Structure formats: C-alpha cells, structure tokens
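Visitor: The structure is given below, and queries will be raised subsequently.
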Amino acid sequence: MEMIGQLLDRRYRIVQVLSSGAFGQTYLAADTRRPGHPQCVVKQLRPPNNNSNTLKTALRLFRQEAEILERLGKHDQIPQLLAYFEDHNQFYLIEEFVSGQPLMKELVPGVPWSEEQVILLIEDILEILVFVHDNQVIHRDVNPSNLIRRKSDKKLVLIDFGSVKEVSTRLADGNGQGLRTIATGTPFYMPIEQFQGHPQYNSDIYAVGMIAIQAITGLEASDLPKLQDPNLSSTGELSWQSYAKVSAGLTQVIDRMVHPYYSKRYLTVIDVLDDLRKATGRSGFNINKLKSFPIYQEEKKPIPWPKIIAITTTGLVSLIVIFGLLQVLNRPDPVKAENALKRGVEKVNQGDPKGAIRAFNQAIKFNPNNPEAYHKRANAYYDLKEYEQALADYTKAIELNPKYVNAYFNRGLTRYDMSDLSGALADFNQVLKQEPQDGDAFYKRGLIHYDLEDYTAAINDYNTVLRLQPKESKVYRARGTALVKSGDLQAGMADYTEAIRLEPKNPIGYYDRGRARFHLGDYQGALADYNTVLQIDPNNSEAYANRCSVYINLWDYDQAIKDCTEAINRTPNEVAYNNRCIANLNLKDYPKAIEDCSKAIEIKGDDYKAYSNRGLARSAAQDYEGAIADYTQGININPNDAEAYGNRAQVHVRMKNYDKAIADYVQAIRLKPNYAAAYYGRGLVRVEIGDKSGAISDFEQAGKLYLEQGLTGGYKDAQFQIKRLQSGS
C-alpha cells in the first residue's frame with residue numbers, strides 16, 4: 001500500500017519515505033495533534049507472515065524492544081520514543097526526528113581527520129554507549145549513517161538500534177520460533193562474532209574503532225575490509241597504520257578496539273575511555289568541548305588587485321592629444337548599435353547563428369559597454385557549441401552588469417556542458433541568491449549536485465522545484481534517479497510512477513521505472529515497463545538490451561538472445577554483447593558466448609564483467625588456463641570483484657590447485673562477507689584436503705547465509721554436507 005499521505009493512529013501523517021529494507025520502512029511524518037505539526041520518524045516493522053503464532057510472538061517481542069527504546073530515549077543523544085502501536089498486523093514506532101546530517105557526510109574520502117579530531121569523535125560516541133550498555137543493550141549497528149550531527153548543538157545523536165531489527169529476524173519462520181543467530185548490522189563495521197549471530201557488548205566498541213580508522217585514514221567504507229593484512233590472514237588483524245600518521249598511544253588503543261577476537265578486545269567502554277586518557281595524556285573527558293570537524297566549503301578565489309598602468313610624464317601631452325582623437329573616432333553610436341543588435345536577433349530567429357554573431361560584433365563595436373550585446377552573442381556561440389567564446393562573452397556581460405541573472409544562468413549551463421561542475425554550481429548559486437524562487441535554477445543545480453554524487457543535496461533541490469512546479473514530470477524522474485542512487489529504490493520508483501502519471505506517453509519514465517524494478521527483483525514489473533517503452537519507441541536499443549537482461553533473470557534465454565540481437569543491430573554496445581554472452585552461456589553454446597564477450601571487450605577494453613563472463617564460458621568449455629587468464633584480467637581492472645575471486649577459485653579446484661583456491665575464497669569473503677557460495681566452495685576444498693572441522697565450520701556459515709538470503713536450496717546443500725561429514729560417510 002502507498003503510505004505517502006496516510007494518517008496513522010489518526011495522528012501521524014506520512015509525508016516522505018526515508019528508507020526501506022527487509023525489516024520494513026522508515027518514514028518522515030507530521031504529528032497532526034501537536035501545535036505546528038512537528039516532524040517525527042515512523043518506523044514500520046513487518047512480520048514475515050500473518051500466522052497467528054507469529055503475530056503473537058511478534059507483539060511480545062515488539063513490546064519488549066519498545067520498552068527498551070523508551071528507556072534509552074531518556075538520554076539526550078538518543079532519539080526519544082514518542083509512541084508505539086500495532087495496526088492491521090503492522091507494528092509502528094514513533095520516534096523523535098533529529099534535524100542534522102549523518103556523520104557519513106563528514107567522512108570525506110581522501111580527507112583524513114587529525115588525531116585530535118578522531119580522539120574527540122571516539123569520546124563522543126563512547127560516552128553515548130556508556131549509557132546504552134549500562135541499560136543492558138547492544139546497539140548492533142553503530143556506523144556513520146546512524147550517527148547524526150544534530151543541527152541545534154552539533155552533538156552526535158545515535159539512532160537506529162539494531163535490536164529493533166531483531167524483532168523481524170527472530171520471526172524468520174512461520175512458527176514464530178525463527179533463528180536467533182541472523183546477523184543485523186552494517187558489514188563494514190561488524191566484527192566476526194556479529195557476523196556469526198553472536199554480538200557482544202564490545203561488538204559496538206569494534207564498530208567505533210572502525211569508524212575511527214575510516215576517519216583518520218580518509219578511506220572509503222568499502223575499503224575497510226581490504227585492510228586485513230594478507231600476511232595476518234589467519235588472525236584477521238587489520239593493517240591500517242601506513243595510511244595515517246598516528247601516535248603510538250592512539251594506535252594501541254584503536255588496535256585493541258578492533259581486535260578480531262572479542263575476548264582480546266576491550267570488554268567495556270569505560271576501559272577504552274580510561275586507556276584513551278592515559279595514552280593521550282588527557283586529564284579527563286568533557287562532552288561540551290569545542291570540536292572542529294572537516295567541512296567542505298566552496299573555495300574563495302582571491303580578489304585580484306586592480307592592474308595599475310603607469311604612464312611616465314615624458315610625452316604626456318602627446319598621449320592626451322592622441323587619446324582625444326581616438327575617443328572621437330570610437331565614440332559609441334547608440335543608434336547603429338541598436339540596429340545591429342536587432343539584425344542579430346533576426347538572424348537568430350532565422351536559424352543563422354553565424355550571421356547573428358557578425359551582427360552582434362557590429363553592435364559591440366558601436367557600443368562596447370552594452371551587456372545585452374555580449375549576452376546575445378554568447379547565446380549564439382553556445383548554439384554553435386563554441387563554449388569557450390560563449391563563456392568569455394557571458395563573463396563580460398556579468399562584468400558590465402553584476403546583477404545580470406540570465407547571464408549567470410546561461411554561463412552556468414555553459415560551464416556544465418564544459419564539465420566545470422564547481423563553476424556551474426557557483427553560477428546557479430548566484431542565480432538563486434538573486435531569484436530564490438527560480439525553479440529552473442534549482443533543477444539545474446540539482447543536476448549538478450547529482451553529478452557531484454551529492455544525492456541528498458540534489459534531492460533537496462528537486463523537492464524545492466516540485467513545491468514551486470508540482471507537475472514537472474522531468475523533475476520527478478530526476479528525483480527518482482537521485483533516490484535510487486542514494487539507495488531508496490522504493491521511493492525512486494514512486495517518483496517514476498508519478499512522472500508516468502503526468503506524462504504517460506513519455507518512454508523515459510517507463511524506462512527508469514523498469515530499471516528500478518529490475519534492481520528490486522521485480523522482473524515481471526520491469527518486463528512490463530520495457531514492453532511499454534518499446535511500444536512507444538520501437539527503436540530504443542537500450543530498452544532492448546535491458547529487456548534482454550530481464551529475460552535472462554526469467555530464464556527465457558532464447559527471447560533474451562532475440563532482444564540483445566535487436567539492440568546490437570541498432571546500436572552495437574558492450575552491454576548488449578555481454579547480456580547475449582550470458583544467455584548463450586546458459587544455453588551451453590560456449591563458442592558463441594566467448595565470441596560475444598570478446599566483442600564486448602573489443603568495444604570496452606576495461607569491461608571487467610565481460611572478462612569475468614568470458615571466464616565462465618571458457619571454464620565451462622574446459623579451457624581452464626584461458627578462464628584463469630580472464631578472471632585475473634578482470635581482477636586487475638576491478639580488484640573489488642568478489643565474484644571474480646570466487647569463480648577463479650572454482651577453476652583452481654578443477655585444476656586441483658587447492659592452496660590457490662583457498663586463497664581466492666578467503667579474498668572473496670573479505671570483499672563480500674555475506675558471500676555464501678564462497679564459504680560453501682571453501683568448505684568443499686577443505687573436504688578435499690582433509691580439514692574436516694574447517695569444512696564443517698564453512699558449511700555452517702554458508703547455510704546460515706543462504707537461509708538469511710532466502711536461498712533454501714543452498715541451505716539444504718550445506719546441511720547435507722555437514723551431516724555427511726559428521727556421519728563419516
């Protein structure tokens with residue numbers, strides 16, 4: 001059911017989707033019973049089914065967790081639980097809305113924090129966790145997205161307790177007795193015991209240590225798993241010190257915080273704070289300290305000194321006479337200038353931009369101080385895609401008239417087309433400073449924020465446009481794409497649907513929604529959308545290529561090949577060849593699969609997916625050396641491709657290179673900790689080399705992950721292997 005606009009408990013009006021996931025959705029709502037309708041957060045928790053025992057258990061667990069959150073909300077830096085209730089077998093928590101930005105925004109890749117800033121950060125988070133742990137609660141999901149820098153006082157607020165998610169995970173089966181070992185949390189910040197479903201209080205300490213490493217090294221979150229030293233792979237220790245200049249004392253504290261074995265980690269938050277004080281020579285901790293955090297600000301360009309032209313007194317009189325003559329000869333002629341300007345406009349209207357430029361040249365010659373003439377000539381240059389000349393003329397127009405809004409707007413467009421995103425952003429900021437209700441400027445600035453990967457800022461700009469122009473379908477599409485990029489596929493799909501409602505004959509809305517549905521696993525919905533695109537635009541090669549991918553996921557490989565061939569016949573590209581390669585591979589036509597993947601590589605030499613897919617085809621054709629070469633090339637292009645390591649491991653197994661196979665499986669698991677097939681494959685290798693206990697451990701982990709991911713076939717296979725090993729057969 002579409003929740004936007006719904007009134008929950010006859011009080012909370014849903015206004016926006018904040019996030020969605022396997023456990024339910026989170027919304028922004030307005031409390032209609034309080035003065036001013038203040039905002040609040042609504043968390044919806046969905047039981048997996050409507051079985052009476054499940055619902056009874058769900059209600060009990062839900063009330064327990066709500067009582068815990070109510071107790072925790074007494075802390076100033078934890079959102080207050082305002083209410084909780086059940087409605088139509090759905091459970092809702094109403095929490096205080098914290099206005100601010102997530103810590104994730106402050107952790108800018110490539111911009112490491114100073115040691116002092118990191119110490120303050122560790123203190124701030126741990127001082128909240130003292131209260132949490134004192135209340136016998138493990139947060140389970142401490143990460144930069146769940147730490148909000150509150151706008152009012154700049155303090156960190158800890159949100160989104162993972163214990164609430166366990167209400168859903170405990171209900172994994174229909175009897176309400178579901179597995180209690182399913183891990184909740186964010187993988188980059190989770191220690192091994194939490195992956196295994198056995199979180200400890202110091203699992204939260206590990207998460208804080210990982211955040212500290214991310215801050216002090218300036219690394220991206222996705223790079224944290226790669227810090228595991230290959231020379232220390234058996235212990236799981238992290239090798240991060242070479243990425244930062246850190247004192248020995250702080251290094252020792254962080255290393256103990258992130259020790260892979262919880263028994264060797266700090267046991268309590270107080271222990272960490274005490275050691276941190278001793279290591280840094282600090283007398284104590286004060287949460288009201290003045291803090292300085294890295295914030296991106298637009299660079300202010302120095303104002304150039306005026307150029308001073310020095311004229312010697314020698315010959316001064318002669319210069320004055322000459323200057324006077326020049327003034328007479330070049331005196332502005334407003335009549336001629338105006339006539340030339342009109343001729344230029346006529347040429348523009350006739351579609352003759354070059355003739356227009358010649359006329360505008362005359363207008364500027366007769367009146368060099370008219371900003372409009374420069375602006376119109378710039379527009380003509382822009383139409384000819386002569387962006388450097390257009391930029392110079394827009395800049396001159398602005399020099400002559402610093403409040404020339406249209407010149408700022410058009411210079412912003414020019415800079416955008418020249419890929420000068422920061423310059424374009426500055427120009428549209430100037431437009432909005434003078435015209436704060438200019439919807440077009442907000443839209444263009446949103447596009448720039450999107451290209452800069454600042455999806456939150458882009459969404460905010462699109463929100464403003466839609467308040468000013470609520471029926472702009474292109475803005476719904478743009479906001480939908482930004483929402484999808486930010487990870488909120490459901491909200492993005494809702495925007496695409498609204499764009500389609502406003503403009504039902506425009507294929508772009510269907511195309512975008514088809515992509516969102518595909519990524520949500522709704523292949524039938526994606527198929528319907530791509531069908532509509534091709535009804536409206538029968539020559540859309542991208543729609544054919546994407547529908548080919550849909551058919552592959554629906555196991556209709558013959559139809560997939562037809563669509564990819566249609567795409568290739570119209571516009572040969574690596575995506576269509578890659579998809580047809582996969583379809584041929586599934587039909588066991590390995591020579592054609594290899595040929596298609598080779599074509600994809602010819603078109604795009606750094607297409608690591610094409611190398612990986614060709615590796616699969618060569619492996620299936622028993623060309624193991626060729627497969628190894630392809631997987632290795634793909635890994636060289638993209639060292640973060642866990643599947644490539646897993647696939648190469650399988651080939652090593654076929655070649656009986658068990659040591660190399662295990663090494664590849666280990667790396668695959670480091671890159672993708674929930675990679676069930678890698679655990680299962682490593683288990684099979686350990687069976688071959690006689691490591692029975694290691695094999696059982698891997699099969700147990702594989703089974704747990706398969707079950708979490710809803711892959712019951714894989715779970716049954718893992719259980720079969722465990723029983724076979726335990727029985728000695």
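Yeah, the Cβs are placed from backbone N, Cα and C, and that goes for glycine too.
TrEMBL lists these features:
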| type | residues | note |
| --- | --- | --- |
| DOMAIN | 12-277 | domain 'Protein kinase' |
| REPEAT | 337-370 | repeat 'TPR' |
| REPEAT | 371-404 | repeat 'TPR' |
| REPEAT | 405-438 | repeat 'TPR' |
| REPEAT | 439-472 | repeat 'TPR' |
| REPEAT | 473-506 | repeat 'TPR' |
| REPEAT | 507-540 | repeat 'TPR' |
| REPEAT | 541-574 | repeat 'TPR' |
| REPEAT | 608-641 | repeat 'TPR' |
| REPEAT | 642-675 | repeat 'TPR' |
Visitor: In the same chain, which residue numbers or ranges, 6 or more beyond the ends of the repeat 'TPR' (473-506), come under 8 angstroms Cβ to Cβ?
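Guide: Long-range Cβ neighbours of the repeat 'TPR' (473-506): 2, 4, 16-20, 25, 443, 446-447, 450, 453, 455-456, 458-459, 462-463, 465-466, 512-513, 515-517, 519-520, 536.
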Visitor: Let me spell it out: take the repeat 'TPR' (439-472), skip the flanking residues so only those 6+ beyond its ends count, and list any with a Cβ under 8 Å from a Cβ in it.
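Guide: Hits for the repeat 'TPR' (439-472): 101, 105, 409, 412-413, 416, 421, 424-425, 428-429, 431-432, 478-479, 481-483, 485-486, 502.
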Visitor: Treating G and I as helix alongside H, and B as strand alongside E, what does DSSP give for the repeat 'TPR' (642-675) in helix, strand and coil?
Guide: 27 helix, 0 strand, 7 coil
Visitor: How about long-range neighbours of the repeat 'TPR' (608-641): same chain, 6 or more residues beyond its ends, C-beta under 8 Å?
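Guide: For the repeat 'TPR' (608-641), the far contacts come to 222, 226, 574, 577-578, 581-582, 584-585, 588, 590-591, 593-594, 597-598, 600-601, 647-648, 650-652, 654-655, 671.
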Visitor: Using Cβ atoms and a strict cutoff of less than 8 Å, what residues sit near the repeat 'TPR' (642-675) while being 6 or more residues removed from its termini?
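Guide: Distal contacts: 187, 190, 195, 225-226, 228, 233, 608, 611-612, 615-616, 619, 624, 627-628, 631-632, 634-635, 681-682, 684-686, 688-689, 705, 708-709.
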Visitor: List the helix, strand and coil residue totals of the repeat 'TPR' (337-370) as derived from DSSP.
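Guide: Helix, strand and coil residues of the repeat 'TPR' (337-370) number 27 helix, 0 strand, 7 coil.
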Visitor: Can you work out the mean pLDDT of the predicted model over the repeat 'TPR' (371-404)?
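Guide: For the repeat 'TPR' (371-404), the model's average pLDDT rounds to 93.
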Visitor: Looking only at the repeat 'TPR' (507-540), how are its residues distributed among DSSP helix, strand and coil?
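Guide: Its residues divide into 27 helix, 0 strand, 7 coil.
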